[in-house]
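Novice: A single structure is presented below for examination.
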Amino acid sequence: MADPKKKWVSDDVLTYAYLLLYIALSSGQIFFNKWVLSSKEINFPYPLGLTLLHMVFSSILCFVLTKVLKIMEVEGGMTLDIYISSVIPIGAMFAMTLWLGNTAYLYISVSFAQMLKAIMPVAVFILGVAAGLEVMSCRMLLIMSVISFGVLVASYGEIDINWVGVVYQMGGVVGEALRLIFMEILVKRKGLKLNPISVMYYVSPCSALCLLIPWIFLEKPKMDEQRTWNFQPVILTLNSLCTFALNLSVFLVIQHTSALTIRVAGVVKDWVVVLLSALLFADTKLTLINIFGYAIAIAGVAAYNNHKLKKQTSRASPEESEPTQSILLIQSSNSNE
């Protein structure tokens, strides 16, 4: 008979392993993308093309894993009406988020981009109020004010601020906020509950198509002119594989931990990215004002996450709330990849 204590220890170790895997892959993918796009490294300055490659790769792997090898299962319930009214907008916003977020890396440092991303709850809350999904309250206004103030202080402390990069990053934030709103509508109003692999299966091809059209007009002519089609296939394939592995790590973390745990892991990952970027990239110069402002913003984000989780817990039982949490929590995996 198995020792319950040993089994508990084994499960505990496995949970920490999944969390470390998620933090490592999430942080590493951001640095990997910056490395590929940087003119001083791989020099593949085509964020639209890179993001398109990720989505095509993800679409193919999802199909192979679910339909050919049948290792994972795609949940049913998807109809043409839901696909047109919900999945297509989600795919379009997802494509916009990754495209603009990766483009920002051409102009601003990884750490500063991460600091600007802290404004995400503010964008989600404002759009949620407009869509009737959130209710304005003094508590939420205070939390939003703290986050906004922290991001402003962090921006004030930036030494070499490039407003083009800031605009791209803010555009990515708005796209991600809209995606989360559409996801919540898909769950709450359409009644469809999907696990992350199912979301990837449906959304990735749609995102790839949304990226293909602007790529043909914006980046393909430049690639033809500069003859950059002879890029390093091994590097880009590995980069795409890491992106897919990141999505799968989120799937594993959600299956073995709670919503609160992955949100805490996301905050740890953000700090890891900010601090490590100062060591890895020459364009990153952190100041005390940067760190102080970002700490204020992260405190506000933590308060926001705590408020949202308490709200979810009070409204639904664990069995009812977990699928909803799963579909909304994959926001952590791919923002700016």
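Note that Cβ sites are derived from N, Cα and C of the backbone, with glycine treated the same way.
Positions annotated as transmembrane segment by TrEMBL: 12-32, 44-68, 80-100, 106-133, 140-157, 163-187, 199-218, 230-253, 260-282, 288-305. What TrEMBL records for 18-305 is domain 'Sugar phosphate transporter'. Sequence annotations record features per position, and here TrEMBL assigns region 'Disordered' to 313-337. Residues or ranges marked as compositional bias 'Polar residues' by TrEMBL: 323-337.
Would you situate these features in the structure and describe their surroundings?
Specialist: Within its own chain, the transmembrane segment (106-133) is flanked in space by residues 30-31, 34, 37, 45, 47, 140, 143-144, 147-148, 150-151, 154-155, 158, 161-162, 164-166, 168-170, 173-174, 176-178, 180-181, 184-185, 188, 270, 273-275, 277-278, 281, 283-286, 290, 293-294, 297-298, 300-301, 304, 335-336, which lie at least six positions past its ends and keep a Cβ under 8 Å from the stretch.
Long-range contacts of the transmembrane segment (199-218) within its own chain (CB-CB distance under 8 A, at least 6 residues past either end) are made by residues 48-49, 51-52, 55-56, 58-59, 62-63, 66, 74, 78, 83, 87-88, 90-92, 94-96, 98-99, 247, 327, 330.
Residues 111-112, 115, 118-121, 125, 143-144, 146-147, 149-158, 260, 263, 267, 270-271, 274 of the same chain sit 6 or more residues outside the transmembrane segment (288-305) yet have a Cβ under 8 Å from a Cβ within it.
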Novice: Other than its close neighbours in sequence, what residues sit by the transmembrane segment (12-32), given a CB gap under 8 Å and a spacing of at least six beyond its ends?
Specialist: 110, 114, 239, 242-243, 245-246, 249-250, 252-253, 256-257, 261-262, 265-266, 268-269, 272-273, 276-277, 280, 332-333, 336-337
Novice: Mean pLDDT for the domain 'Sugar phosphate transporter' (18-305), rounded to an integer?
Specialist: 87
